[in-house]
Amino acid sequence: MAGQQFQYDDSGNTFFYFLTSFVGLIVIPATYYLWPRDQNAEQIRLKNIRKVYGRCMWYRLRLLKPQPNIIPTVKKIVLLAGWALFLFLAYKVSKTDREYQEYNPYEVLNLDPGATVAEIKKQYRLLSLKYHPDKGGDEVMFMRIAKAYAALTDEESRKNWEEFGNPDGPQATSFGIALPAWIVDQKNSILVLLVYGLAFMVILPVVVGSWWYRSIRYSGDQILIRTTQIYTYFVYKTRNMDMKRLIMVLAGASEFDPQYNKDATSRPTDNILIPQLIREIGSINLKKNEPPLTCPYSLKARVLLLSHLARMKIPETLEEDQQFMLKKCPALLQEMVNVICQLIVMARNREEREFRAPTLASLENCMKLSQMAVQGLQQFKSPLLQLPHIEEDNLRRVSNHKKYKIKTIQDLVSLKESDRHTLLHFLEDEKYEEVMAVLGSFPYVTMDIKSQVLDDEDSNNITVGSLVTVLVKLTRQTMAEVFEKEQSICAAEEQPAEDGQGETNKNRTKGGWQQKSKGPKKTAKSKKKKPLKKKPTPVLLPQSKQQKQKQANGVVGNEAAVKEDEEEVSDKGSDSEEEETNRDSQSEKDDGSDRDSDREQDEKQNKDDEAEWQELQQSIQRKERALLETKSKITHPVYSLYFPEEKQEWWWLYIADRKEQTLISMPYHVCTLKDTEEVELKFPAPGKPGNYQYTVFLRSDSYMGLDQIKPLKLEVHEAKPVPENHPQWDTAIEGDEDQEDSEGFEDSFEEEEEEEEDDD
């Protein structure tokens, strides 16, 4: 058996393979993730949306932000140097000699495989004359030629070559280790051990420990754990939080505390500027002593948020702090929504009366505060202030107009172009076009709702205690798209009909957001009563004439009766025959109708089965898509005049009972709605049968006044009784019966054998 030898690389050839692979594993992923993206694409995108978003704060900050030219250049230089090193090593590896080469005697003698013995001898003579040492040839080459000649002519050498790959028989196998020899040299052992100890015992633990202690302070949504604890405590303490209390709790987040977040700053000038803003804002509940809500950082964050909602001008030194605080608000409010939902679930699972769940109003106030923070508006301000060039002074002209009383954005969109231009006459043409462009970019989302019980035979039958699944299909369009469709419909209806009916333009369809016009009320005077038609009264005859008429009628009636009896006797035979034929035809018709009804029932059942199968396949595909797909959270940019960061349109979808003010299903944060999105909301059915009225809410986290509400009716039935006898449960009994039958058969067979033996 061949021996084995392990040797370190003295020449460095094997080490180049290892080094090339190592550099390639670093350079290729680093190029994919760290290569600077094209800056021109972002500039082109900003240029295309300038008409709509040009006045937004985040857009102006993006343009004013200095372009980081040095960092992309440094990244490119480092990556190009890495690729140069990788290519150099690859070239070096391609030029190095192979460590292991298969021995081929034909190649040594410069012959083709399969040459004859005569050709081998002839070639050997020529090469031996050329490389013989006595004639000044190469001794090493001559030895190789002699060895190759022996491998092809000597039977034993040829056999060794065919079996072991070498004419001399099995050789020792050497394995090269891809490390240079100086690493294992005894002279360098102390230095190598020092480097290994420094790398694995000092640097690696420090890096891993610092990363661990830094990441353990944050949750999965990059929110400080301490912030979540603060929100949980105050939400549990205050069951019903109004907007003022909610702002206080929001400002108490540790993200605004310089002790826990290095990005949060505290300046000496805050002691002068913050009290000035407090005097301008008014009362902000400074008397309560509730740390950390009364800490300086929390007070500063609260004042900056209130000044933002009031659209107040603040000193330049506080603008940067305000922008930092506003960027954190959407994520913090989402965390507060999660905390409220967790407390509601805990209250449902516990039967303790002392543990009270937060109210639905607290949850909805969190969502409203997110809209307010993004748009920079107070709670009861008009949603029209989200539009450009519409201020408090201009708003009065719009909302208090004699003819058009516009309160919401939908009311403004539903107007005709001429009426809208008349209403906004105080705007110049350029400003009016900008307002219309912004108004057309606002989202309009429709909801299609379907409730069912999945994994059940009758999915449409909702029973007590079942898990109800409400499938909501969201379709997003812009206000401009919907309005253009309605304008085209109205224009088509206004055209005169060809048949001359000119009243078709009276019944015009209106959009989903348009208010239904109430017709004129009918007064009592306008109602005209139709005259009642009088029935003709019969003419009364004298009594003597009536008796004579009755007698005459009686005589005539007797004669007619006799004639009718004779006709009946003559027609009895023909009537009986007709009745028999009618019975036969009627029975045939009944049989045909029964077959048709059975066929229709079978077709209907097959269609129902196909529909159920398709729904099942669609639900399976939907679940697989939800598990495998990773949709981007970049949907559509939000138009916000005073928000410092580009924000995407996200929504909250949930089901609630408005009458009982309870939350039915947990809010689902829709972050991937670009055009259409399907969302499943699941909740347990009520414990008692009956009809229930719920409401499906779709709330934006960025826009005010664009929430959608749709009713949901549920008819809950009694739960089906558990079947006591089922065919699947009879398998054990059938098995016992089969076993008894087999045993009886064996007993009878044994008795027959015994009788035959007795006869013998």
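For all residues, glycine too, the Cβ spot is worked out from N, Cα and C.
Among Ser266, Ser570, Ser619, Ser742, the residue that Swiss-Prot annotates as phosphoserine is Ser742. Cross-referencing Ser157, Ser399, Ser632, Ser748 with Swiss-Prot, the residue annotated as phosphoserine turns out to be Ser748.
When the topology recorded in Swiss-Prot is consulted, Trp58 and Leu332 turn out to share a side of the membrane. Long-range contacts of the transmembrane segment (15-35) within the same chain, counting only residues at least 6 positions beyond its ends with a Cβ under 8 Å from a Cβ of the stretch, are 9, 75-76, 79, 82-83, 85-86, 89-90, 92-93, 96, 178-180. Here the topological domain 'Lumenal' (91-188) has, by DSSP, the following mix of helix, strand and coil residues: 58 helix, 8 strand, 32 coil.
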